[in-house]
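**Student:** Below: one structure in structure tokens.
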Amino acid sequence: MASLLAKDAYLQSLARKICSRPSPEPHKRKSGKTQGSEAAGPPKKKRKRAQKKSRERGQKAVEPQAQALGGKPRAASQARKPAAAKEEKTSGPVVSADGLAAESDSVFALEVLRQRLHEKIRTAQGQGGTNELSPAALEKRQRRKQERDRKKRKRKELRAKEKAAKAGGAAEAAEPPPEGPGKEAQRQPGLLFNKVEVSEEQPASKAQRRKEKRQKLKGNLTPLTGKNYRQLLERLQARQSRLEELREQDAGKARELESKMQWTTVLYKAEGVKVRDDEHLLQAALRRKEKRRAQRQRRWEKRTAHVVEKMQRRQDQRRQNLRKKKAAKAERRMEKARRKGRVLPGDLERAGLA
């Protein structure tokens with residue numbers, strides 16, 4: 001309210017200043033008339049009549065605009081007419097028609113602004129001016145208020161639900177259900193970011209790993225697996241020699257041990273282990289491996305010899321190029337000396353004078 005009253009006071013003071021300010025005098029145009037011609041009476045009367053007609057036209061133009069907006073601006077303009085006439089009389093110089101038109105426009109604009117300001121003041125005092133609103137506008141305003149209340153209640157319910165869900169999740173995290181060791185072993189964590197899960201079990205020692213490996217063996221018999229054919233062949237020959245020795249001592253024990261070894265081999269093969277227990281195949285694989293090794297050795301030796309030979313050729317070529325360069329340099333120096341008139345020992349030998 002204080003700001004609106006301040007605006008109203010400011011607009012009224014501005015209107016008083018504009019109304020009291022004299023309009024700018026028109027520029028006097030130079031003419032070739034003499035002082036005697038200016039002193040003549042009839043031209044002055046014509047000028048006064050023209051000013052009066054222009055003033056009347058300006059007032060007639062202002063009146064319809066004030067009637068369109070309401071009766072208040074018209075009454076205000078009529079009330080200000082005597083004051084404006086007095087100011088014009090006291091101002092002294094004659095006012096042109098353009099100055100009157102500008103003054104009337106400014107007064108009209110100020111009246112419009114003042115009317116809008118009073119309407120805003122009345123609206124603020126009456127909390128929206130419900131008396132002037134139509135029933136449709138009042139109904140629309142009521143519907144909007146109800147919709148705002150409904151949305152507010154809905155947001156409040158959603159916040160209450162979220163708070164209850166967070167409280168329940170915190171309680172569940174604080175008291176996790178006990179799980180058995182079997183479930184923990186079966187559970188496999190997926191891909192975790194910024195989190196490293198470390199098991200509580202310590203890494204197994206070398207002796208423990210050896211013990212576990214022995215427990216996995218079936219019948220205390222290590223399967224013949226791998227690609228070290230020489231070692232596999234030696235182990236197979238050792239088994240056969242042990243069987244032969246046992247057969248010479250006790251044939252029954254030898255047969256029992258042989259059947260046990262065969263069953264163990266069958267069990268390993270059933271699990272998917274590739275057992276290499278054929279002596280002929282092992283010997284053939286060993287021969288192939290030795291042959292490939294010999295071939296690689298020969299290729300390596302050949303490549304080494306080729307590299308050494310290439311390096312030697314390049315060294316020989318370099319030495320030869322250096323000798324040629326040195327000889328060419330010496331020949332250029334001798335040729336330069338001959339051009340200067342010097343006689344060299346080689347020249348005497350060529351001429352047969354030495």
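Each Cβ is built from the backbone N, Cα and C atoms, and glycine gets one as well.
Sharing the features that TrEMBL gives for it:
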type     : residues : note
COMPBIAS : 43-55    : compositional bias 'Basic residues'
COMPBIAS : 72-82    : compositional bias 'Low complexity'
COMPBIAS : 141-158  : compositional bias 'Basic residues'
COMPBIAS : 207-217  : compositional bias 'Basic residues'
COMPBIAS : 308-319  : compositional bias 'Basic and acidic residues'
REGION   : 16-101   : region 'Disordered'
REGION   : 121-228  : region 'Disordered'
REGION   : 308-354  : region 'Disordered'
**Student:** Looking only at the compositional bias 'Basic residues' (141-158), what are its DSSP counts of helix, strand and coil residues?
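**Tutor:** Grouping H, G, I as helix and E, B as strand yields 18 helix, 0 strand, 0 coil.
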**Student:** I'd like the per-state residue tally for the region 'Disordered' (308-354) from DSSP, helix first, then strand, then coil.
**Tutor:** 39 helix, 0 strand, 8 coil
